[in-house]
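Colleague: Per TrEMBL, transmembrane segment is recorded for 6-26, 58-86, 128-150, 162-183, 214-236, 265-291, 322-346. Under the heading domain 'ABC transmembrane type-1', TrEMBL lists 124-344.
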Amino acid sequence: NSVLLLILGILALILILLFLCCYFNNIKDVKKTVLRVQQGKNPLTFREEASQLLDRKFYLSVLFFPILGVCIFNIVPIVFMIFIAFTNYGGNIIPPELVDWVGFQNFKKLLTLSQFAPTFFRILLWNLLWAVVSTAINYFGGLFLALLLNKKCVKGKAFWRAFPVLAYAIPGFITLLAFKFMFSYGGPINQLIIGAGHKAIGFLDLDAKWTARIIGFGVNAWISIPTTMLLATGILSNMDETLSEAAKIDGAGPWKRFKKITFPFVLFSTTPVLITQFMGNFNNFGIFYFLRGGLYLDGYFLASDTDLLINWLYNLSIDNNYYNIGAAISLVIFLLTSIFSLLIYVRSHSYREEDTFQ
């Protein structure tokens, strides 16, 4: 069984690394012991060293099981996925037949083969557009609500701040299924349209490309904006209002005060969160899976025009046993999101100028 052999091999590599860590730690401990003897001190006994695990080295005792869990449930699956991307493992490989190492053939298929390449590039472009636009909508929508509720003239701020949180408190898949029903042929929106004397609209049909995409943007905003609103509200409450008041006295209008003072202050504090939201939107599996999952369109290989890379990966690997191609796609997703996030973060003021607003 190639899968079992690969997993055991990964575990063996981890054990070898642990052994090497213990080996070098022992060498380091020997040097410390020799130094103690040279200084005329007695070397620590086993009991004394063990007692340090409950005192000076207590952090090692506390972190042992979490680190073990991370290795088993996070590192092993990630390394396994990376290895699978360089094999021919698929539904046609049945034990005791073994998989073969194929190098970068899966990535070559993904980028050049007529079966995969057109679908990959179409979905990639749509995935990038989705991630950028949805992140912008969620961020500026939440910031707008926070600024609006931060106005002194608004009455009942506690109520209005708590009200949008209800959309966030409801589990996301329930919200998505509810919106899917609302926009279905038998849903309340089409019933109102029929009642007004018009034909029902297939909002999520096969030919409803941009209609379905716009609905996706709206539903994602409904779920995500409350989080950004709460975050921005907390940041604005800690903002020094004397800066804005001084700018107002100098003649700066509302837009200029927002552009030069409020927005840089909020962006400085929320840059890491903004990057996290972008990565979350890039890998947002549930949004179109629950709204429109299961559709395969002409011109797309086992995908639809609203599927993201993560949805296509699921269709290929789980539903159709293209495990090697799915693993290659997951590696591409990881490289794209990680490189983009690191580049943006290290170039941001949050990283380079940490004490700007302190």
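Glycine is treated like the rest: Cβ placed from N, Cα and C.
A description of the local structural setting of each listed feature is requested, covering burial, neighbours and distances.
Modeller: Non-local neighbours of the transmembrane segment (6-26) in the same chain are 71, 75-76, 79-80, 83-84; each lies 6+ residues outside the stretch with a CB under 8 Å from one of its CB atoms.
For the transmembrane segment (58-86), the residues of the chain that approach it from at least six positions outside its boundaries are 6-7, 10-11, 13-14, 101-104, 106-107, 323-324, 327-328, 330-331, judged by C-beta separation under 8 angstroms.
Proximity of distant same-chain residues to the transmembrane segment (214-236), defined by a Cβ-Cβ separation under 8 Å and at least 6 residues beyond the stretch ends, is recorded for 130, 133-134, 137-139, 141-143, 145-147, 149-150, 161, 164-165, 167-168, 172, 175-176, 179, 183, 203-204, 262, 265-266, 269-270, 273, 277, 281, 284, 287-288, 291, 306.
Sequence-distant contacts of the transmembrane segment (265-291) (same chain, at least 6 residues past either end, Cβ-Cβ under 8 Å): 127-128, 130-132, 134-135, 138-139, 143, 172-173, 176-177, 179-180, 204, 212, 215-216, 219-220, 224, 228, 231-232, 235-236, 239, 304, 306-311, 314, 333, 336-337, 340-341, 344-345, 348-351, 356-357.
Only residues 6 or more beyond the boundaries of the transmembrane segment (322-346), in the same chain, are considered here, and those with a CB under 8 A from a CB of the stretch are 81-82, 84-85, 87-91, 102, 106-107, 109-110, 116, 120, 271-272, 275, 278-279, 282-283, 309-310, 312-314, 316, 352.
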